[in-house]
Amino acid sequence: MEAKSFSVWDYVVFSALFVISCGIGIFFAIKERKKATSREFLVGGRQMSFGPVALSLTASFMSAVTVLGTPSEVYRFGASFILFFISYTFVIIFTSELFLPVFYRSGITSTYEYLQLRFNKVVRYAATVIYIVQTILYTGVVVYAPALALNQVTGFDLWGSVFATGIVCTFYCTLGGLKAVVWTDAFQMIVMIVGFLTVLIQGSAHNGGLQNVLEQASNGSRLHIVDFDVDPLRRHTLWTISVGGTFTWLGIYGVNQSTIQRCISCKTEKHAKLALYFNLLGLWIILVCAVFSGLIMYSHFKDCDPWTSGMISAPDQLMPYFVMELFATMPGLPGLFVACAFSGTLSTVAASINALATVTFEDFVKSCFPHLSDKLSTWISKGLCLLFGILCTSMAVAASLLGGVVQGALGGLITGITLSFWVAIGAFIYPAPDSKTWPLPLSTEQCFQSNVTTAAPPELSNRPIIADTWYSLSYLYYSAVGCLGCIIAGVIISFITGHQRGKDVDPLLIRPVCNLFCFWSKKYKTLCWCGVQHDRGTEQDNLENGDAWKQGAESVLQNGLQQESLTHVPGYDPKDKSHDNMALEKMTYF
């Protein structure tokens, strides 16, 4: 395949993205220079509003992999991907109503700090190390994969874009901290939407209008959206997406450091919840844009598929190839789309660097050196941002080469990870049968014959029996397997080694989900608490009686599981029914 070239205007538009992103970092470095504390640097002083945080959350989790991969997925497998709106909805509701209140009211900065409060330091450090390794690996792929796809289609310099991404993200993260990350993400989110809209408008106009696009997609079986097949081996069905997708995204939103860190940076719990719900709107918008881009791309290539004809070498090159054809006579617009794709990359990488620096500082540095000065803490935080920026960029280069309850928690953690890796690696070695994963029909009838190559299904010889069952599980169930494996193993080990009694579990660490379903009966609600005393005293009473679950100067207990006790909790506004971070600051630093 011969790569098409970028024009000068394309490079100008693309470069503007990096220049503005750096400018935002410099602005906040100057603006916040007098607020030299690690808390200001890592969580924005906990005074952010919901608007920019919502945009930041959406941009961070809609990476370039989404921008390039989702339209390709729709092009090959149909518009069933739109069903992810169900998963997104469940995930945001669970996160805002179940996970967020516990994290926000506890006053913790690292989500893994909760694991020490609930279990012990070993579980906390194990989870933190796993998160750091996983995030560095993931970030490397997020940087390299789209850069490679764009390079092979547009001729855009591969290593120039990889190093530019790493350097720019590290630069504005190190200078401006979380505020720079959030506001840069907000800007990049706007660029992503503008880039998608440009493709949608020009693409639909070029292919006879939206009605014609939908008609062609329907004729090509791309609009068969709802599939009720319960077979867990099928790639995308209603159940794999709604159930498996919910488990997958809960790991990303519900307990992910990057998400929770930005939520707790909001000035009130109400703002944090609003950020999540407005972020849901952003997720829907990006999802719809990506799905329609895939349908338009199918309408455009319905008679000459560039993938099976050999014009491109991988499915993730479909979208860049389409854009280069669509805007061949419009200098600057291909650059806008590349800026759209790299906006996803920049936002994801910046959020990862900031989150990595935060968990390292909170979980390791502060544990070893609890009495650091504000100035030194800030410089260490900046140094960690620089370190992880270098590590994530290096990983992108490497990607081119390619008590009983405590014992239960550790055992469950190990079991869940083992199961997830087992099924994922097995699926990589033994791909699922064609009947489960082969794309919908693609045509090359009107391609130039010299370009046509035959796409043969992969050879599936010498396969063990388990390859057609366990290893063929839909990728969306990997997180569900890990989660359920962790829970089941943890419960079993806890009962074998001696489980913890419910009355010994601090209610501040448990969110009573059963209250949502047994609200009509106090008797059944109490029964579902399994002995955890959610109706005992207030947080302040617990502190006075020595029942505090978090020791030291950082302990701030704000839970409010009992509505009548909330009015006595510092930082709770009964009128607004929300918590406030200002009281947290006053109680923590006196």
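Using the three backbone atoms N, Cα and C, a Cβ is placed for every residue, glycine included.
Annotations in TrEMBL come from automatic prediction, not curation.
Now, the feature entries from TrEMBL:
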type: TRANSMEM; residues: 12-30; note: transmembrane segment
type: TRANSMEM; residues: 50-69; note: transmembrane segment
type: TRANSMEM; residues: 81-104; note: transmembrane segment
type: TRANSMEM; residues: 125-146; note: transmembrane segment
type: TRANSMEM; residues: 158-175; note: transmembrane segment
type: TRANSMEM; residues: 187-205; note: transmembrane segment
type: TRANSMEM; residues: 237-255; note: transmembrane segment
type: TRANSMEM; residues: 276-301; note: transmembrane segment
type: TRANSMEM; residues: 336-359; note: transmembrane segment
type: TRANSMEM; residues: 379-402; note: transmembrane segment
type: TRANSMEM; residues: 409-430; note: transmembrane segment
type: TRANSMEM; residues: 475-496; note: transmembrane segment
Practice problem: Answer yes if the transmembrane segment (336-359) and the transmembrane segment (81-104) have at least three CB pairs under 8 Å among residue pairs 6 or more apart in sequence, and no otherwise. | Solution: no
Exercise. Count, for each of 81-104, 125-146, 158-175, 187-205, 276-301, the Cβ pairs lying under 8 Å from the transmembrane segment (50-69), and report the range with the highest count.
Key: 276-301
Self-check item: Interface-richest range of 81-104, 187-205, 237-255, 276-301 toward the transmembrane segment (475-496), CB pairs under 8 Å
Solution: 237-255
Exercise. Run the contact check on the transmembrane segment (237-255) against the transmembrane segment (81-104): 3 or more C-beta pairs under 8 Å, excluding pairs closer than 6 in sequence.
Key: yes
Quiz item: If you count Cβ pairs under 8 Å, which stretch among 81-104, 125-146, 158-175 touches the transmembrane segment (276-301) the most?
Solution: 81-104
Quiz item: By a Cβ-Cβ criterion of under 8 Å, what residues six or more beyond either terminus of the transmembrane segment (158-175) are in contact with it?
Solution: 18, 21-22, 24-26, 28-29, 143-144, 147-148, 150-151, 181, 184, 342, 345-346, 349-350, 353-354, 357, 382, 385-386, 389-390, 392-393, 396-397
